[in-house]
Amino acid sequence: QVLSLVIPTQLQRVTHQALHRLFHTRSCLFMVLHVALQAAVFGEYTWEVFVYCWELQFHLLLLLLPYLLLAGNLGCFLLCSRANPGTVTKSNAASLVKVYAYDGVLFQRGLVCPTCTVEKPARSKHCSVCRTCVHRFDHHCVWVNNCIGASNAGVFLLYLLSLTATAGALAAVTAAFLIHVLLLSDIMHGTYLDAQGQEHPVEIPFLVQHLFLTFPRIVFMLGFVILLTLILGGYCSFSLYLALTNKTTNEWCKSQRFGGSPHLPSQPQDRPLVYKNIYSKGIWRNLKEIFNPPTALERKKK
């Protein structure tokens, strides 16, 4: 009985350590996985889909579109992973404090980061993974192995858009190839016999089964990139919403659970705090700020 209790405890400890090392320390594991998945998908696309489509005389620009999008995506990936997200240091903390006003709800004046021992500018947060405070902190992305902050938020948005477009282009070309094959074979107007010997017109499940038996790797790749496109499309839409409203993921999460936030010293205890996004300046100015973050001097002029 003692042994049966010790083993689950040790397993929990090992699992906790593994998850902590995976998600709470800087690691290149997800970057390698990211590149490996792209290499596997594009290897299959090049080896089979591109060759078949070339033989079927697809337009060359259509076939090269996924490669062009991939080149742009890899460029954004490298820039985003290697860029300084906007680290708050003792030398620049005083100037960064003047960039954004404190809203008095999510961000309060006078707070000092206990780890970095610097005054925390509004919209900043200490990242436990990178072990530094980041200005206009959005989140820590394991896929680029870097924080997303004021200095690389624009590149990260381009990275997401190009990644979604790449997956969508791969799905579109692959689906066009499979549909073209079905049209050439004229199988959609045929019939088949079931186990009882009865004749039935060809339906979608039969077509999918036929394609999977004929091109198993291509159909599997198509299913994967369609799922990836849907997931990335949803995340892209959320990121665009944040960009257009001048809000970070950190601020959005904090505002969602704001009901449990403490009262300000100057706020009456029986009067709940009301969160209001004071950083939004309109759609176009918000979008401009993502790619050209303001400085203390710019704010002073305004």
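Every residue gets a Cβ built from N, Cα and C, even glycine.
Note on the transmembrane segment (28-47): residues 22, 66-67, 70, 77, 81, 142-145, 170, 173-174, 217-218, 221, 224-225 of its chain, located 6 or more positions outside it, place their CB under 8 angstroms from a CB of the stretch. TrEMBL lists 28-47 (among others) with the feature transmembrane segment.
Sequence annotations record features per position, and here TrEMBL assigns transmembrane segment to 59-80 (among others).
According to TrEMBL, the domain 'Palmitoyltransferase DHHC' annotation covers 110-255.
The transmembrane segment annotation in TrEMBL covers 156-183 (among others).
Outside the transmembrane segment (218-244) by six or more residues, the chain places 41, 44-45, 48-49, 138, 153, 156-157, 160-161, 163-164, 167-168, 170-171, 174-175, 177-178, 208, 211-212, 252, 283, 286-287, 290 with a CB less than 8 A from a CB of the stretch. Under the heading transmembrane segment, TrEMBL lists 218-244 (among others).
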